[in-house]
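Pulled from TrEMBL, these are the features on record:
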- Gly23, Leu24, Asp25, Asn26, Ala27, Gly28, Lys29, Thr30, Gly69, Asn125, Lys126, Gln127, Asp128: GTP binding site (BINDING)
- Thr30, Thr47: Mg(2+) binding site (BINDING)
Amino acid sequence: MGLILAKLWSFFCNQEHKVIIVGLDNAGKTTILYQFLMNEVVHTSPTIGSNVEEIVVKNTHFLMWDIGGQESLRSSWNTYYSNTEFIILVVDSTDRERLAISKEELYRMLAHEDLRKAAVLIFANKQDMKDCMSAAEISKYLTLSSIKDHPWHIQSCCALTGEGKDNSAMHPVWLLLKLPEVA
Ligand code: G3D
Ligand code: MG
C-alpha cells in the first residue's frame, strides 16, 4: 500500500505541464524564457529549431518550449502542439507592421484541435521602447475579447529587465495558479 501511495505521489509530483512559447522572430521569446528560468533552473537541452527548458514551481514541473519564429519555421509549430496546456504568445509591441501576422498565427493556433484545451498568455513585450503599442491597443487589434473558448490573459512586459515580473504573469507562479482553470 505504501509503495502504491509513493508511486502515486511521485507521479503527481513529477507530472509535467507543457508550455509553448511562440511568436514572430525577434519578439523576445528566448529572453522571456530566461526571465521565467531565473527562479529555478533544472536543466537545459538545446535542440534544433527550438529550445526547451524545465522550470519547477512548488513541485510542479513545466516544460517550456521556445519555438523558432522565423517564417520558414512557423509551419512546423504544429508539431509541438500535442498536450500543450499553455500557449505563450510573445508580441514585439513596436512591430506594428507584423501584428497582423501575429494575429493570423494566434487564430490559427486557437483553431487547432491539439490546442483546444490550452490557455493563452500574451506578452506585449518591449514596453520600454518609445512608440510601442500598449497592451490595450494590442488586445483590441487582436480582438482578444472575442476569444470565448480558451482562457486568455494579456500582460505588458519588458523581458529585457523583467521589471514588474514578481507581480505579473511573467512569474512562474502565475502558471501554477492558472492550472486548475486549464485542467
Ligand atoms: P526571439 O527569441 O523571439 O527571436 P529574442 O527574440 O529573445 O532573441 O530577442 C530579440 C531581441 O529583442 C534581442 O535583442 C533582445 O535583447 C531584444 N528584447 C527582448 N525583449 C526586449 C524588451 O523587453 N525590450 C527591449 N528593448 N528589447 C528586448 P538583440 O539586440 O540581442 O538582438
Ligand atoms: Mg529565440
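Every residue, even glycine, has its Cβ placed from backbone N, Cα and C.
The structure displayed is predicted, hence computed values, not measured ones.
Projection of TrEMBL feature records onto the structure.
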| residue | record | Cβ neighbours (10 Å) |
| --- | --- | --- |
| Gly23 | GTP binding site | 26 |
| Asp25 | GTP binding site | 14 |
| Ala27 | GTP binding site | 24 |
| Lys29 | GTP binding site | 28 |
| Thr30 | Mg(2+) binding site | 17 |
| Gly69 | GTP binding site | 21 |
| Lys126 | GTP binding site | 23 |
| Asp128 | GTP binding site | 14 |
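Filtering Thr30, Gly69, Lys126, Asp128 by Cβ distance to ligand 2 (under 6 A) retains the following binding-site residues: Thr30. Secondary structure from DSSP puts Gly69 (GTP binding site) in coil. The binding residues for GTP are recorded as Gly23, Leu24, Asp25, Asn26, Ala27, Gly28, Lys29, Thr30, Gly69, Asn125, Lys126, Gln127, Asp128; their greatest pairwise CA distance is 22 Å. Look at Lys126 (GTP binding site): DSSP puts it in coil. A straight line from the CA of Asp128 (GTP binding site) to the CA of Thr30 (Mg(2+) binding site) spans 17 Å.
Under DSSP, Lys29 (GTP binding site) is assigned to a helix (H, G or I) in the three-state scheme.
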